[in-house]
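Feature annotations, courtesy of Swiss-Prot:
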type     : residues               : note
ACT_SITE : LYS133                 : active site, proton donor
BINDING  : ASP161, GLU190, ASP213 : Mg(2+) binding site
ACT_SITE : LYS235                 : active site, proton acceptor
Amino acid sequence: MRSAQVYRWQIPMDAGVVLRDRRLKTRDGLYVCLRDGEREGWGEISPLPGFSQETWEEAQTALLTWVNDWLQGSEGLPEMPSVAFGASCALAELTGVLPEAADYRAAPLCTGDPDDLVLRLADMPGEKIAKVKVGLYEAVRDGMVVNLLLEAIPDLHLRLDANRAWTPLKAQQFAKYVNPDYRARIAFLEEPCKTRDDSRAFARETGIAIAWDESLREADFTFEAEEGVKAVVIKPTLTGSLDKVREQVAAAHALGLTVVISSSIESSLGLTQLARIAAWLTPGTLPGLDTLHLMQAQQVRPWPGSALPCLKRDELERLL
């Protein structure tokens, strides 16, 4: 016997979270909980403002329609990426397809004073991989900060993310301030320039490896082995169903590319599922899931070791 609940939620964000020039004051989303007999599966649907094509309200309408169809015996999935991902996760939990084993390691997202970062990163146990957002300030400053971190910590590797912020000139200004001897320890730089051709040229000219992120969600993108392209970053909330995520991971791995499963600032429930997906599909690769600290609370399932308060399901607004 099938049954389902849908919950709507809103989590206050820490001050200072800015996405594509807009301040994100709250993270808004939905949960779906599917039941079939004794089995239960959860999924999170939380379109990311400025990145997802669908709004929270559109996702809610699509989810409620899909849940009602599922209760009537339908086996299809919604079209909207965030809804398809959340629904497919709930089904994967319900059927036991999604393994329980999780990779709760996360490449720390580095913000703040560079001198403080050096101290923090130097004390990191094990493999030292960290992420730095670039393109928010002057390219020269970004280059100097990256160079400082790599110089101060000889075993540090950095993942950088520019979100297509730079013109070719700005990208070259960044590279100019990174010692060529350190560039191999830039694991990759996500989407440095506004176009893929400019990003490819940057990789060729500087020897700094790049990764595709936004490009994966463009209609003309195909997986190819290319000079200077080392990785792809997959954000499942923006991608679609779990099957589509698996297809992209397989296509990238077949070309020898590194695949990083990455957060779209999901709640703790969504992040714990992404940790399981990473352990399952990209074992041995550190996922990019260090975003929980941007929020003021957890929900339903806590992230191991987090001190943030965790709301129970009965504290959420139920829609169905």
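Cβ coordinates are placed from backbone N, Cα and C, and glycine is handled just like the others.
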Legend entry - Cα separation, LYS235 (active site, proton acceptor) to GLU190 (Mg(2+) binding site) (Å, whole number): 13
Legend entry - Separation of alpha carbons, ASP213 (Mg(2+) binding site) and LYS235 (active site, proton acceptor) (Å): 8
Legend entry - Extra residues within 8 Å (Cβ to Cβ centroid of ASP161, GLU190, ASP213), Mg(2+): ARG159, LEU160, ALA162, ASN163, LEU189, GLU191, ALA211, GLU214, VAL233
Legend entry - Between the residue listed as 'active site, proton donor' and ASP213 (Mg(2+) binding site): CA-CA distance (Å): 14
Inset, instruction - Take the C-alpha atoms of ASP161 (Mg(2+) binding site) and LYS133 (active site, proton donor) and report the distance between them in angstrom, rounded. - result: 5
Inset, instruction - Mind giving me a neighbour count for LYS235 (active site, proton acceptor)? Other Cβ atoms within 10 Å of its Cβ, every protein chain shown. - result: 25
Legend entry - Secondary-structure category, per DSSP, in which the residue listed as 'active site, proton acceptor' falls: coil
Inset, instruction - Specify the count of other C-beta atoms within 10 Å of the C-beta of ASP161 (Mg(2+) binding site). - result: 22
